Amino acid sequence: MTQTPTQPSDHPASDHIDAMLHENRVIEPSAAFRAQARVTREDYERRYRQSLDDPDTFWSEVAGELHWFKPWTQVLDWQPPHAQWFVGGQTNIAFNALDRNVARGLGGKTAIIWEAEDGEVRTYTYAELLREVKKAANALTDLGVQPGDRVTLYLPLTPEAAIAMLACARIGAVHSVVFGGFSVSALADRINDAQSRVLITADAGQRRGSLVNLKGNADEAAKLTPSLEKILVVCRADCDAPMKEGRDVWWHDALNAASDDHDALPVDSEHPLFVLYTSGSTGKPKGVQHTTGGYMIGTYLTTQTVFDLRDDDIYWCTADVGWITGHSYSVYGPLLNGATVLMYEGAPNHPDWGRFWHLIQKHRVTILYTAPTAIRSFMRQGDAIPAAYDLSSLRLLGSVGEPINPEAWMWYWRTIGGERCPVVDTWWQTETGSIMLTTLPGAHASKPGSAGLPMFGVEPAIMTRTGEELGPDDGGLLVIKRPWPSMLRTVYGDDDRYRKTYWGEIQGVYFAGDGARRDADGYVTVIGRVDDVLNVSGHRLGTMEIESALVAHPSVAEAAVVGKPDDVKGESVVAFVLPQSGFTVDPKDLRAHVSREIGALARPDAIYVADALPKTRSGKIMRRFLRQIAAGKDIQGDTSTLEDPGVLDRLAATQPV
Ligand code: 6R9
């Protein structure tokens with residue numbers, strides 16, 4: 001087995017490495033799919049080469065397909081580690097997603113089909129969506145929102161989420177979407193970091209038949225966020241939320257009062273479009289900053305080519321807008337391409353595990369883009385459930401968010417795709433803005449478990465920590481050797497962190513934080529994170545973030561958090577806690593506390609109450625050993641640097657609670 005030099009052999013990813021190294025199946029796209037594909041193998045090779053050899057021509061051609069109020073004078077200005085794309089150009093992404101599509105005759109085409117968990121369906125044509133966005137843009141302006149202002153969104157997955165994002169973009173305001181599953185303090189932290197004056201929320205969200213009190217959380221957060229002046233409230237439930245005079249405004253009242261006449265504001269290509277917070281290896285989530293022109297071109301091109309988009313597709317990306325996948329592939333990418341997008345608000349198992357398949361059958365979905373964790377959950381429920389539905393409308397499947405194990409890949413391809421639909425396994429990140437590694441469905445064979453080849457303009461490499469490039473099949477660190485249009489521009493308010501985290505780990509290249517290897521055909525297999533970031537059900541969580549939530553509880557003196565391989569979630573959260581003297585740790589209370597501090601997805605599955613943690617003499621916690629204990633494995637590796645090696649035996653004998 002190839003050893004990743006930068007990664008201890010006990011890293012959780014090593015199980016994946018094992019499974020993936022023994023995987024050598026190759027699945028070719030069908031002749032029928034190949035015959036109609038937007039990008040053939042020859043197209044890919046020619047365009048990929050051009051994108052590296054003559055990037056100015058390549059990107060000018062792509063960008064030229066969209067509308068610019070003022071043309072750019074320079075394609076790329078690269079002052080490492082800062083890139084500016086389409087310098088001097090002025091555009092507007094909401095204009096390109098809506099006005100431009102209406103102008104080219106798509107006004108009557110369905111833009112969004114939305115289904116709520118309770119089965120309610122609403123649709124918007126491109127013309128209708130444009131009208132709503134214009135009204136929302138006027139409403140935001142009436143509330144005093146200026147270009148460059150940050151607006152925080154804390155919404156369920158309803159059309160209003162897309163409308164609010166597009167309305168911000170239309171007036172040059174910067175949206176910061178906070179996932180509706182996040183807690184009061186996570187919401188407050190993000191509002192404070194962005195210094196938002198306006199928050200858009202809803203009276204409630206729906207999840208598994210019950211209501212989530214978003215407005216209640218917003219009210220609590222408002223007590224902690226001095227910058228906040230106005231809260232716009234979408235009526236999702238019964239419009240019964242308490243409204244604070246002078247601060248709170250119903251969304252529908254504001255839109256009803258607003259004109260539907262509005263011209264999109266031309267903004268500079270590098271005008272900030274949004275901030276999206278994501279977990280890193282230090283305690284505080286970072287505000288990943290994306291700008292307009294490059295992000296627009298990246299999401300436009302990848303949606304079109306990776307999903308082989310055609311006019312009559314019904315495209316469904318299951319991601320919530322609270323994550324980057326929801327930004328790029330539920331909203332911007334497909335709407336820029338004039339696609340019909342399905343949006344589903346609820347849980348995949350409500351009222352039962354057939355819900356996704358029912359939605360596909362009912363709306364005749366042709367493209368499905370979802371996460372491995374969902375695929376593994378469905379797989380567990382057995383083949384009889386999807387077999388009861390007509391999935392013949394599907395023609396393409398996608399996976400994103402974490403490595404997909406070959407078994408889940410094969411199940412997806414066979415049971416959902418009927419061995420007819422190519423599966424694209426797309427690797428990318430909040431920071432990359434759009435898909436970086438994938439196969440193109442009509443151009444390339446798939447190797448289950450391996451994401452595949454670089455997208456246009458992307459130059460990946462596998463390196464050691466010291467920047468030495470590795471050859472085929474050697475495991476190492478995934479890096480990108482040149483800037484690309486949709487890359488993050490900075491960490492909001494902390495450019496130093498941007499430099500250090502992404503371009504300072506290995507000099508001169510973008511450091512993704514993932515371990516990977518590349519085979520002789522150039523296919524990249526991404527193994528998983530090499531930093532202290534967990535991937536739980538496709539969602540990134542920093543171990544430090546959870547640790548600081550744990551130690552904020554009065555009963556906890558010290559805490560260490562590690563991931564444990566999990567068949568469904570990929571990884572689960574395991575906490576080792578040292579009680580504060582005079583306190584006993586109540587696991588139920590502690591879990592509830594973490595949910596309140598961060599959100600339910602950070603809640604530890606297992607808690608070890610310990611009398612000490614394995615530390616080096618210099619006081620560093622050796623998480624490597626904790627991972628072995630959490631996974632129930634024998635301790636391997638050099639324990640001589642530990643201050644008290646006996647602590648490991650005591651921990652191994654402890655039952656988690
Ligand atoms: C889009 C998204 C990014 C991290 C990334 C990696 C993991 C995403 C993957 C994948 C293997 C894939 N990841 N897609 N790993 N194969 N196809 O998920 O963004 O939430 O920022 O997470 O997710 O570890 O570094 P984000």
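Indices start at 1 and increase along the chain as displayed.
Every residue, even glycine, has its Cβ placed from backbone N, Cα and C.
Unlike curated records, TrEMBL annotations are generated automatically.
Residues annotated as domain 'Acetyl-coenzyme A synthetase N-terminal' in TrEMBL: 44-97. Secondary structure by DSSP for the domain 'Acetyl-coenzyme A synthetase N-terminal' (44-97): 24 helix, 15 strand, 15 coil.
Look at TrEMBL and you will find 103-484 tagged as domain 'AMP-dependent synthetase/ligase'.
Residues annotated as ATP binding site in TrEMBL: Gly401, Glu402, Pro403, Asp425, Thr426, Trp427, Trp428, Gln429, Thr430, Asp514, Arg529, Arg540. Within the same chain, residues at least six positions away from Gly401 (ATP binding site) with a Cβ under 8 Å of its Cβ are Thr325, Ala371, Pro372, Thr373, Asn535, Gly538, His539.
As annotated by TrEMBL, domain 'AMP-binding enzyme C-terminal' applies to 545-620.
As annotated by TrEMBL, Mg(2+) binding site applies to Val551, His553, Val556. Long-range Cβ contacts of Val556 (Mg(2+) binding site) within its own chain (separation 6+, distance under 8 Å): Leu550, Val577, Leu578, Pro579, Gln580, Phe583, Val585, Leu590.
Positions annotated as N6-acetyllysine by TrEMBL: Lys620. Annotation for Lys620 (N6-acetyllysine): no spatial neighbours, criterion Cβ-Cβ under 8 Å with sequence separation of six or more.
Cβ neighbour count for His553 (Mg(2+) binding site) (all protein chains, 10 Å cutoff from its Cβ): 21. Residue counts for the domain 'AMP-binding enzyme C-terminal' (545-620) under DSSP, split into helix (H, G, I), strand (E, B) and coil, are 21 helix, 28 strand, 27 coil. Neighbour density for Trp428 (ATP binding site): within 10 A of its CB lie 26 other CB atoms from the protein chains shown. Highlighted here would be the recorded positions (Val551, His553, Val556, Lys620) whose C-beta falls below 6 Å from ligand 1, but none qualifies. Long-range C-beta contacts of Val551 (Mg(2+) binding site), restricted to its own chain and to partners at least six residues apart, with a cutoff below 8 Å, comprise Ala557, Glu558, Ala559.
Annotation note: Thr426 (ATP binding site) sits in a strand segment as assigned by DSSP. The two recorded residues, Thr426 (ATP binding site) and His553 (Mg(2+) binding site), have Cα atoms 39 Å apart.
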